[in-house]
Amino acid sequence: MSNPVVLNLHLISDSTCETVAAVARSALEHFKSVEVNEFVWSCINSYEQIDKIMLTIEKDKYNFIMYTMFDDDIRKYLKQKAGIHEIPCIPILSHVIREISCYLNIKKDPYINTSIGLDDEYFTRIDAINYTIAHDDGQNLWDIDQADIIILGVSRTSKSPTSIYLAYRGYRVVNIPLINSIELSVDLSKMKNKLIVGLTIDIDRLIEIRRARLVSMKNQNNYGYVDYEHVLMEIRETKKICAKNGWPIIDVTQKSVEEIAATIIQYFTKMQH
């Protein structure tokens, strides 16, 4: 079997690199056989920084540069340096900007500082991630009123990964496990301005997931955790609570975290209008 092609992908931006990274990763989805080493160079705004990047690049390897750079002089310098070493250097936004400029017959602004907006978005996302991690699995509910979204569900219904995914999108999320015979420590029925969503799942699939969990934890004596009647009662109680309060409920059976999160975002967007 031949060795895979290894590509050193250098992502360069005068801001956070999130835009160029998203485009690059999407493009590389079309090359599954390629092994990618990703190097992220953010907040690059000087000739000296570009010189340092070039010094770190292993010239005898496959290298590829993708960038977003709004300062014309810095951008030209980057392309010049890449050209000297015969490294492909691709601007991900230039073609789009050029097409808009030609279509409208308007010149683009010579310089526009996008770093402020991106930085605001970045720090909002970091704040959402920190908040969501601190409020995983029903923890720290004293400031639940600061959440954008509250997720309820029995154990192993993808509450935590869905919450983290939403946090990465900038939503502050609390997830709370619903456990039989244990009352919630907060009265969610009074939180009229919050999106509260319940997650449910096919009982056979849930038991299968829980059994695998017990095996991985070497704790196969927790019979109630996988008992059919007990699990059925948990699922029914979740549906009952959501129906009583008019909260939407999502069946996560065979759904990816991305699909679950997309549905929740749709509910959230609808609630805001």
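Any Cβ shown, glycine's included, is placed from N, Cα and C.
Listed in Swiss-Prot:
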BINDING   GLY153, VAL154, SER155, ARG156, THR157, SER158, LYS159, SER160  ADP binding site
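Shown on the structure are the features that Swiss-Prot records.
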residue	record	contacts (Cβ under 8 Å, 6+ apart)
GLY153	ADP binding site	LYS159, ASN175, PRO177, LEU178, GLY198, LEU199, THR200, THR238
VAL154	ADP binding site	PRO177, LEU178, ILE179, THR200, LEU206, VAL231, GLU234, ILE235, THR238
SER155	ADP binding site	PRO177, ILE179, ARG210, TYR225, GLU234
ARG156	ADP binding site	ILE201, LEU206, ILE209, ARG210, ARG213
THR157	ADP binding site	LEU199, THR200, ILE201, LEU206, VAL252
SER158	ADP binding site	LEU199, VAL252, LYS255, VAL257, ILE260
SER160	ADP binding site	ASP136, ASP137, ASN175
8 Å Cβ shell about GLY153, VAL154, SER155, ARG156, THR157, SER158, LYS159, SER160 centroid, ADP site members excluded: ASN175, PRO177, LEU199, ILE201
